[in-house]
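Per TrEMBL, these features apply:
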- GLY103, ALA104, PHE136, ASP221, GLU222, VAL223, GLN224, THR279: pyridoxal 5'-phosphate binding site (BINDING)
- ARG139, SER278: N(2)-acetyl-L-ornithine binding site (BINDING)
- LYS250: N6-(pyridoxal phosphate)lysine (MOD_RES)
Amino acid sequence: MQVNRETFNDVMVPNYNPAAMVPVRGQGSRVWDQENVEYIDFAGGIAVNVLGHCHPALTSALLEQGNKLWHLSNVFTNEPALRLAAKLVDATFADKVYFANSGAEANEAALKLARRFMLDHHDEGKDEIIAFKQGFHGRTFFTVTVGGQPAYSDGFGPKPGGIIHGEYGNLAMLEDMMSNKTCAVMMEPMQGEGGIIVPEPEFVKGVRALCDKHNALLIFDEVQSGMGRTGKLFEYMNLDVTPDILTSAKSLGGGFPIGAMLTTAKIAESLKPGTHGSTYGGNPLACAVAEAAFDVINQQEVLDGVLLKEALFREHLARINNKYEVFTEIRGKGMLLGCALNEKYKGRARDFMVAANNEGLMCLVAGMNVVRFAPSLVIPEEDIIEGLARFEKGIAKLVSTPSDSK
Ligand SMILES: *Cc1c(COP(=O)(O)O)cnc(C)c1O
């Protein structure tokens, strides 16, 4: 059966607008499309393909587990899930792990747990969730309402209640919003979808202190920032601020769908048998791949390599910007970087992404004004250099073409 990009319009729900080319094969940080055109991948499946495409450790874990046992449901536990949970507990503040299938599901579990914990330990009414504008936590109705972009949660009828939003970075505002009704503060320790916004460390420390003062839980959504992307296993380790609940997904499975919620033993007690669950969560196939990804990522050379690669990106991006003057700054950390467009190119991030794609580079946007890179943590230097050369070619064409958006 012949299928192509046209088929998408015929048979798929139109909620996405995928690129014109259809990738069919990937190896490391290179991808080939139906016409066998080669691309360098700085998109990483939106910060998912943490070890590139078809990394041998992940492929062999998948094949090995695929010949052994795929799925059981949580009526039975399984060895890969137990091993992965033990490794996550060993490497982090957490004592307990809950597995889900996506970032949104991990966050949904975190929010439900926070509400239930407060019911167990405080008077009724301590149920207010505080999150931040421009934050992103997934697309289930609870998580998208907690997310700070009303455009994503509007138009679906009555929203889950007890959710308010502060300004990311504004500690005084948060202080005014918090009270004995505050159940939890949910935040990304570095905003991804919102435009790659790195907070002041003092802000994050202040959020922790306010949560302590008001007996509220601090939930870090590390779905995008976690699993080595910022040079530490999780970004909270860079910030020296420990959350009460942490969620992971995206890079956690290296391309296989899985999410996780991590928390302390005391808080975990509130998810008693029957309170929450999932048919697939923690299935052996997903956990076997995630365990293999964890083993590769959680090595000092790999984590240190992330920072060396970041330096290479920044050096070349600064050179490109000297020549073409398109960015105000390069933001982010490690292998999660954002090129913020200046006034002249405001609103045109998608044009940059398409221009790059036309030169054989896959990248992302984060909002209208930021071009985002989320490549593999083990991307070879030569692929970084070649990818940025292609990016430069795209920019050269874009700046020499009169804008049609004006
Ligand atoms: C992508 C993302 C999510 C949602 O993850 P899904 O797997 O798409 O449900 C949640 N939070 C953050 C910070 C994300 O970047």
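Cβ coordinates come from backbone N, Cα and C, glycine included.
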Most crowded position, judged by CB atoms within 10 A, among ALA104, VAL223 as binding-site residues: VAL223
From ARG139, LYS250, SER278, the recorded positions whose CA lies within 10 Å of that of VAL223 (pyridoxal 5'-phosphate binding site): LYS250
Recorded pyridoxal 5'-phosphate site residues GLY103, ALA104, PHE136, ASP221, GLU222, VAL223, GLN224, THR279, farthest C-alpha pair in Å: 25
Close-lying binding-site residues around ligand 1 among ASP221, GLU222, THR279, where CB distance stays under 6 Å: ASP221
ASP221 (pyridoxal 5'-phosphate binding site): tally of other CB atoms within 10 A of its CB: 31
Entry from the binding-site residues list GLN224, SER278, THR279 having the most other CB atoms no farther than 10 A: GLN224
By Cα-Cα distance, the member of recorded positions ARG139, LYS250, SER278 nearest GLN224 (pyridoxal 5'-phosphate binding site): LYS250
LYS250 (N6-(pyridoxal phosphate)lysine): tally of other CB atoms within 10 A of its CB: 28
Long-range Cβ environment of GLY103 (pyridoxal 5'-phosphate binding site), under 8 Å and at least 6 residues apart: HIS137, GLY138, ASP221, VAL223, GLN224, THR247, ALA249, LYS250, GLY259
Distance from ALA104 (pyridoxal 5'-phosphate binding site) back to ARG139 (N(2)-acetyl-L-ornithine binding site), taken between C-alpha atoms, in Å: 6
PHE136 (pyridoxal 5'-phosphate binding site): tally of other CB atoms within 10 A of its CB: 26
Cα distance (Å, whole number) from SER278 (N(2)-acetyl-L-ornithine binding site) to PHE136 (pyridoxal 5'-phosphate binding site): 22
ARG139, GLU222 as binding-site residues, winner by CB count within 10 A: GLU222
Distance [Cα-Cα, Å, rounded] between ALA104 (pyridoxal 5'-phosphate binding site) and SER278 (N(2)-acetyl-L-ornithine binding site): 13
Conformational class of SER278 (N(2)-acetyl-L-ornithine binding site) under the three-state DSSP mapping: coil
